[in-house]
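Pulled from TrEMBL, these are the features on record:
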type	residues	note
REGION	292-315	region 'Disordered'
DOMAIN	497-508	domain 'EGF-like'
TRANSMEM	514-534	transmembrane segment
TRANSMEM	546-565	transmembrane segment
TRANSMEM	571-595	transmembrane segment
TRANSMEM	607-626	transmembrane segment
TRANSMEM	632-653	transmembrane segment
TRANSMEM	669-690	transmembrane segment
TRANSMEM	696-715	transmembrane segment
Amino acid sequence: GLFVTDYFTRTPRKLSPFRSFASIELFHFHIPEDTVIAVWNLITFKEQGGTFGDQCPDRSITVYFRSGAPSVINPLHTHFPRDTAVPGSFALTLTWTLPNRTTGVFNVTSPLPGDWFLAAHLPKDEGKISVKGLYEECQYLFQPQLIVQRLVNIAVLYPGHVTEQSMAPHNRSCLYKVFVPSYTSRVLVEVLQCRGAEGCPLWLRVRAKAPPLHNSTTLDCREHTPCQLAQDLPFWQHWYYVLVEKHPGVPGIISFQVTVQLTDCSRPSLARPPFLPSSASMNMPHSFGSAGGLALGDSPPPTSPNDTKHPVPVTSHARERCWPVRPTLRNELDTFSVHFYIFFGPNVSVPPDRPAVFVINLLPVLDSGGVLNLELRLNVSSLCGENVTVFGCLNHEVPLTSSDNTSVTCETESLAGFLLSVNATASLSRLRIPYPQTGSWYLSLRSLCATEHGFEPCTNVTAEVYLRAYLSPCINDCGIYGQCKLLRTNNYLYAACECKAGWNGWGCTDNAEAFSYGFQLLSTLLLCLSNVMFVPPVAIAVRSHYLLEAAVYIFTMFFSTFYHACDQPGIVVFCIMEYDVLQFCDFLGSLMSVWVTVIAMARLQPIVKQASVLYLLGAMLLSMALQMDRHGLWNLLGPSLFALGIMAVAWTARTIRRRHCYPPTWKRWAFYLCPGALIAAAAVLLYAFVETEENYFYIHSIWHLLIAGSVGFLLPPRAKPSRRLGPLPRRKGCGYQLCVNEQEELGLVDPAVASINSICTS
């Protein structure tokens, strides 16, 4: 056949260590129909500071693949919530082959068409809290590329018609496809009139949605006469691919005929068995059982001259699986918040002689990022004392209604479903499917009575079941220890839980590493009460007549206390304002405390006539920096360095003018400035290099104690006039006098040698 190659790529993205599904990077691809091979080229490279990160450590990268919906992954091996079904996916781990780059290849032969999702992440780290901008972090970038090769002009088989085919010696196989409409209970593929070799050396393979593989349903025509391959309960509204393959080493031309027969039981006149009541007798509209696509009673499409009419037998083995399907009404409330209402529901009657079948339609792409929830509740009073069990089978793309009334399985050779059951003892059953595949989901309900020999059909007992089906963003809204986040990758939306307080799992229900209530209370009290250390600096500032500085320290103490009371991950939380307001005020108060302390140490009042201008300027600059980037290093460190620069210039000017080191006394350096500077430096080192998520509550509490303690050492004392100075003379008359006192602060200059100049001007 003729092959066409398509190429798809995605923008590189930075990978993060795995903490929850909210920390992964998700990539969305679409594979076209008739694809015979898909090759993913997985490119990973390191970056550090805008260049290749040759010095970055090698960290393994895990990539997950799944068709139809995102992968439900569990790399930390946590527990899933109860009644949760975990769909499977394929995982691949990439190792590094070069210092800064590695490439992996993942091939899929005959992939399923439609949406494919790739999820990638780094391994879990130790949870270190790094200061943004302190150093260049190693970044691991991941870029997937997809190359698909698909066949064009595949021959289409029409049900009930025979297609002639000759296979040349250089050809090994012939590929066909046939469309299976809704309400088809059986697909029968047959090879007829095989000529050109002894014993018909052909293999017949059939597969749904994609070309057959070596492990697909196979029949050896040499060993089976007639060569017929049947597929019961086929997927509805999909293409089925038929591959006729020649045995190796067979010479010459082989000619044969291929025909496909579809059993359609949606029309009572064609396929309804005598014991099956009509749609009207079941009090349901005929539209509930209408067929889609090409039905047997429809006019066939134009055929080629080589095609001939072939009769279609209707077997009772396939017909008995056909039942009317009741639709559901879709009610969209919000993103991933959809309720499916049943007509004449939500109470459903399950008769003893036939199943009740319902369909839930999930929209492509739009609904696969949430959780499909199903709830069955049995009305025990409707059982009339009988030991009745109602079984429900939830299957994708085709309903499973077994003819064996004693069977309680929801699986066949080609189908895998989910089983629910309710009885008088356990009257409630739930099922949750995270990231469900889109399309039609069919729920088949049937009632059986338990006996000594197992389950048997009930007689004259119609069970009543309350049925609820809905789509939600997360499982139970992630509980009290999690937050349901709505995430986006390009144009695809999905939801995931982000857990806190040590809780883990898909729904934040795994408490293996959870914080106890006492631990949460202790961490909250430590972070809040450690701010009481600001009381001594406030008292020192008030005593030294630094009223503005004292007001800033009180502001910082108040908002830091209530910010940390609101910032706790567990249930010990108390918020007096919005979280963002508390965080801004806490950050602003902390930086303003540093600013006003350094400006006070500079002693600018005799130098700058209006020193309050600097306080106002600092408040405006710090507010601007916090609004730009609240966690940026240089946006916060810049104003602090600017204040230190002002202090250094003021101290240098005094040193040059007095020709003596400022402050001049060794006691001030030894007992105040050096200890205060060392305490502040220790606090900064703890904050920048030691703090992690596990030790945050006590390391950050120590940070509070050290910063408040350093302020008490660094704040200069109040300047007092010398005892040798008498009262200043006052001039009589109108006007005012301005006195400029140049005395140094108390404890820095010996009063016996200090020269005092007082200048009074009117």
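The backbone N, Cα and C atoms fix where each Cβ goes, glycine too.
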Leading contact stretch, 514-534, 546-565, 571-595, 669-690, 696-715 vs the transmembrane segment (632-653) - CB distance under 8 Å: 571-595
Most Cβ pairs under 8 Å with the transmembrane segment (514-534), selected from 546-565, 571-595, 669-690, 696-715: 696-715
Long-range environment of the transmembrane segment (696-715) - Cβ separation under 8 angstroms, sequence gap at least 6: 129, 522-523, 526-527, 530-531, 533-534, 536-537, 540-541, 544, 546, 549, 553, 560, 564, 590, 593, 597, 600-601, 672-673, 675-677, 679-680, 682-683, 686-687, 690
Cβ-Cβ under 8 Å with the domain 'EGF-like' (497-508): same-chain residues at least 6 beyond its ends: 19-22, 72, 74, 76, 78-81, 84, 434, 474-476, 478-479, 481-485, 514-515, 520, 569-571
Confidence summary for the domain 'EGF-like' (497-508), mean pLDDT rounded: 91
Residue distribution over DSSP helix, strand and coil in the domain 'EGF-like' (497-508): 0 helix, 4 strand, 8 coil
Residues from the same chain, set at least six apart from the ends of the transmembrane segment (571-595), whose C-beta lies under 8 A from its own: 480-481, 501, 517, 520-521, 523-524, 552-553, 555-560, 562-565, 615, 618-619, 622-623, 625-626, 630, 636, 639-640, 643, 707, 711
